[in-house]
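Listed in TrEMBL for this protein:
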type	residues	note
DOMAIN	8-95	domain 'Ig-like'
DOMAIN	103-187	domain 'Ig-like'
DOMAIN	195-278	domain 'Ig-like'
DOMAIN	295-374	domain 'Ig-like'
DOMAIN	377-464	domain 'Ig-like'
DOMAIN	469-564	domain 'Ig-like'
DOMAIN	571-672	domain 'Fibronectin type-III'
DOMAIN	677-774	domain 'Fibronectin type-III'
DOMAIN	778-866	domain 'Fibronectin type-III'
Amino acid sequence: MLSFCEEPLDTVYAEDSPEAKISMNCRVRANPPAAIKWWHNNWEIKLMEQPDEHYSLVGGNLVITNPEKSKHAGKYVCVAKNVYGTTISKEATVKFGYLDQFPTDEREAVYVKEGQGAVLLCAPPSRYPTEVMYRWIYNDFPNFIIPDQRRFVSQTTGNLYIAKVEASDVGNYSCFVSSPTIGKSVFSTPIPLVPQIEKEVKRYPADIRVRFPKTYALVGQNVTLECFALGNPLPHIRWRKLDADLPPNYEVSMNGALLHLINVQYEDEGSYECEALNVRGMDWYRQWLYVEGAPEWAEHINDTEKDVGSELTLSCTAVGKPLPWIRWLKDGYSYGKGELKFSSLTFEDSGMYQCIAENTWGTIYANAELRVVSCAPTFIYNPVKKTLLGAENGRVVIECKPRAAPKPRFIWKRGSELFSNSSRMFIWDDGSLEILNATKSDEGLYTCYAENDRGKANSTGTLSITEATKITVPPSDVEVTVGETTVLQCSASYDPSLDITFIWTVDSYIINFATDFDHYEQMMVRLSNSGDLLIKNIQIAHAGEYICTAQTIVDNTTASANVIVRGRPGPPGGVRVEEIRDTSVKLVWSLGSDHGSLLAQHVVQTRDFFALDPEDWKTAVTSPVFLDGKAEVTEVVDLYPWMEYEFRVYAINELGAGESSLPSIKIKTWDAIPTMSPTDVDGFVGLNGELIVTWTPMKPQYFFGKKFGYVVAFKPHEDFDWKWSTIADPEARRFVYRDTIIPNTEIQVKVKGYNSKGEGPYSLTKVVFSSESAPTEAPLDVYARQVTSTEALVWWLPVYQIRYWRKYDDNEAAASRVLVHSSVNQTRLENMRPDSHYLIEVRAYNGAGLGPPSEHCEMFTRRPPPSRRLRVYKYVSFTRKWLYIYWDHIYNYWNESYVEGYKILFRKEGERYGKLYTTGRHYIDFPMPETGDYVIEIRARCEGGDGPISQILVQGETRQLAL
């Protein structure tokens, strides 16, 4: 035996490391113990013959003292050897890590217009390993820049990206590079950034500057893709995977600049796209992510002992991407590729074999010892059985398997009778004797003789023939419906000297009555003395071929029956979309199992991109409308254009609706011209004479294509030609036309949607009037009355902004405001402070502004109700017919409203409304409810409003008895 417990690992040694030593570890499990040697770049390190001041061996570990790059960098392997062979370890690489200083040359200043994007180049120095961490210093160390939506540091190039420069960005910037492997950091000379202040900051479209390269990832690892854009306003970044959803284990950070793929799998390979968007424009970038895998063993070699002269094939199979190639070592030396075949083993073939699988991501080793042996035949370890049993008219096999090498010759005798191959008796190649159609006359002593060139041996056993086992009552085919019970019969005759066991299988699966209840769901099984099988609450999964096996230690016999279960249909298969149009698709599927009842109908369901719940499936409209049980294709119509859909199908038979199919692959319908128009179109003329048009944005379902936006059209009533403007933002809800509108003008406005295919219909035309001037008349007869401690009613003569504030405690500028229609002459003021002195004013209002204020109306709000909750008790009468509720009376403090009585709400649990009672007492009784759960809510009733609610739960009489 010879195997490694610990193998050397790849090492990066820092050139200026204070610990001037490298240790390469190697531990071996071997019997007898193995001698250990080391090789460097395919040359043996001969410590005994050529002592070296740098190398030393410590318990099998190689220690390199004061390592030098020119001498000690390279590949190392540990070699272990004993009498059974030689094995080498995995290769380990020693490399020297370094991080040079930045050049000391002064860096040029960067001048950027305010609002424009900027890129500060890091230009990192030479280094190993190349994987470092980048940060940027602002003015002084250690004032590091924290990346945000506006600033981003690429961990690929090290550059600092500023999406839009602001005046506060002025200063000196230094690139800071850290190597975690060697524990060293350096930083560059400062780069001055000088923003150029603009009178009017311009807007710039999104411009992607950080673009992730073509990426190769190792399966199971985490991958980060970078994408960052310059622009003003700050661009919004979105990620997607072409032709598929983003992997389930993804995260987006740095305001969308980083896409993290956690534990990537082969199916995550594909083209990834990042899209940057602001109101000025859009930019996009896409690149491929390739997922590959290091070698893994699917099949490898194991220690083997074979007879001299025998055949042997040694093979290894490894999986990975790219596909690994296989090579072999024997006792440390190259020994071929692919598969090793031996037609006649010799003692020289013994040794340590290593199968090596390699690809670009790594190398794996499988070690095994091959021993080629020889010996005379012996039955010590495996003699012929002393007592042998066989069934009458059955087949009997008597094994003869001595240990011998090379393979022996075999002879069988019964007493002195020598056997040779015949139509009823046959000696197998491995020495076993086969007897067909055994009878009582075949009983007796049987001896196996084995002989090779090393010697000979024999072993004897006694054969007895018993009565054959037979099925007397076989199970019968049966057809049942889901949920029913059935019995499968099974009886057998057998030799009375033996014990019999009945074994049941369904579709080759053995029914284990102790553990298989979960596998068969609600199947309840028991065996009677005759071996009958009882199946309760049968389900679709229990259909199949049931086999009863009657078995003794000598022989067995079987009988079978089919159980057909009638139930709801199974799921259709292979649901796929074959033809895609703008509002329809051709859907194809294959019929599912009818489970013994003819299919009557198929139903198609859809789920679109905006479904809020994974189970939010809707019944689709099809052509033809009714799909019979034989349908396997249909046209799904009335779909939204430019919408992502998936489809599924289920079938119906006389027993009900069956299980739905798996969803189809997601598809997107073709784009089309919009057919809907925005709603709630309105407008008004602002204080400065500008026209403001508003509308409710269209839902994304109605975009019908990419590059969706709005067209706003307007004109004075007497003009013939319309003026219009486009808005590229699909979420826009207002448009401002800044040219001054002539007062007292009737203006017509309308809005429609457009996309890359064309323009949709206009909305209904809305008429807007520009005001002649702001109102000049103040409202008259303003009057207010308190309602509760926090609410009041105010009236005025219609002529309306209402303002109200506390006279001594609030600033008038921060007064609360309410706007009401001109046809209204009263409104409710809410969220007022209790027990406070308020001033109220009313002003007329139109698009041109506010009119003069009315005279101030003064009023006092009422004191608040008590804030304490009631303590509530309940009592059920002895006859359980009446429910009594009572509570402690609550008294008001000097600064609280007087308690006038109580409100009691009696409602069912889970419902909002019920029956309301009022009383001046502190108790009330109800008939005891017979069923259900009820909630009783009680609160104090005061002139300043209602107090807090106290609740008590009541269970109906029937529920209590059940409990």
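Quick reminder: no glycine exception, Cβ is built from N, Cα and C everywhere.
Of the two recorded stretches, the domain 'Ig-like' (295-374) lies close to the domain 'Ig-like' (8-95), with three or more CB pairs under 8 Å once pairs fewer than 6 apart in sequence are set aside. Highest Cβ contact count with the domain 'Fibronectin type-III' (571-672) among the listed stretches 8-95, 103-187, 195-278, 469-564, 778-866 falls to 469-564 (criterion: pairs under 8 Å).
Taken residue by residue, the domain 'Ig-like' (469-564) breaks down under DSSP into 3 helix, 43 strand, 50 coil. Here the domain 'Fibronectin type-III' (571-672) has, by DSSP, the following mix of helix, strand and coil residues: 0 helix, 50 strand, 52 coil. In terms of DSSP helix, strand and coil, the domain 'Fibronectin type-III' (778-866) has 3 helix, 42 strand, 44 coil.
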